[in-house]
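Below is one structure, written out as structure tokens; the observations come after it.
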Amino acid sequence: MDLHHLTQNPGRPSYKVRWSKVELGELRETLILITNGLHARGYGALGSRARMRRGHRLDASLVIAGVRLEDEGRYRCELINGIEDESVALTLRLEGVVFPYQPSRGRYQFNYYEAKQACEDQDGRLATYAQLYQAWTEGLDWCNAGWLLEGSVRYPVLTERAPCGGRGRPGIRSYGPRDRKRDRYDAFCFTSALAGHVFFVPGRLTLSEAHAACRRRRAVVAKVGHLYAAWKFSGLDQCDGGWLADGSVRFPITTPRPRCGGLPDPGVRSFGFPQPQQANYGTYCYSE
């Protein structure tokens, strides 16, 4: 961001620039960095990866190294002199994929905080409404309602049908704000491009044998978010069910065909959560 966008003259040494991140759904801002033009100080985990670009004397652009999923969101840059402070807000958006998630116990098991943790456990984070909307425009059609980062509960419908809210226009159906501790739904998670690589190991393995097979290859059993990212960004197409770290069995399809799940659209198919001792599947491994 160039300070020419602000009306005050930042050339005086009394001015400071303050960068913060607006935490969606938590009604607070997290301080990232403060600079007086000569010296800058970072704050918190994000501040340790942030610096000023300093392309020229009026350049107040923030540079973030090693961008992570949690870095997406709204940022505020303030020009401070104690009298006529000004600020601008900018949004960082990551390209990614939204996936619905429920545990082995079945649907509607998560309160908001459990849903948030479940997404993080699968190499993701709770999706925002904007991310769910984008996924709906790209074909996501799902009947079960899930938590979003803002604290609302929604589900995307492309084709109206009785089990999915009955008649009505296609769109994002909403349950509105819910009690974050008491109410229970599924989760819509968001993940982005992989730092590593997902690959399939064939065989008839139990879940424990799947972990051992990945370890022998200096890898770990992939998480659900890993598989979705590999499908979305690397075009992973494998017509074989494989164990994932949460105990589910899934497979990614980029080119639909009759003997690979039978559905007409690309996607990640699921066999649910078989018994861990069941030796019928290969496994998907993840290595960095």
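Quick reminder: no glycine exception, Cβ is built from N, Cα and C everywhere.
In this view, Cys164 (disulfide bond) is surrounded by 17 other Cβ atoms within 10 Å of its Cβ, with every protein chain counted. Positions annotated as disulfide bond by TrEMBL: Cys143-Cys164 (among others).
Counting Cβ atoms from all protein chains shown, Cys260 (disulfide bond) has 16 others lying within 10 Å of its own Cβ. What TrEMBL lists as disulfide bond is Cys239-Cys260 (among others).
Summarising the annotation, TrEMBL assigns domain 'Ig-like' to 1-91.
What TrEMBL records for 97-191 (among others) is domain 'Link'.
Counting residues per DSSP class in helix, strand and coil order gives 21 helix, 29 strand, 44 coil for the domain 'Link' (194-287). Sequence annotations record features per position, and here TrEMBL assigns domain 'Link' to 194-287 (among others).
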Length of the line joining the Cα atoms of Cys239 (disulfide bond) and Cys143 (disulfide bond), in Å: 25
Residue pair Cys260 (disulfide bond), Cys143 (disulfide bond) - Cα distance, angstrom, rounded: 22
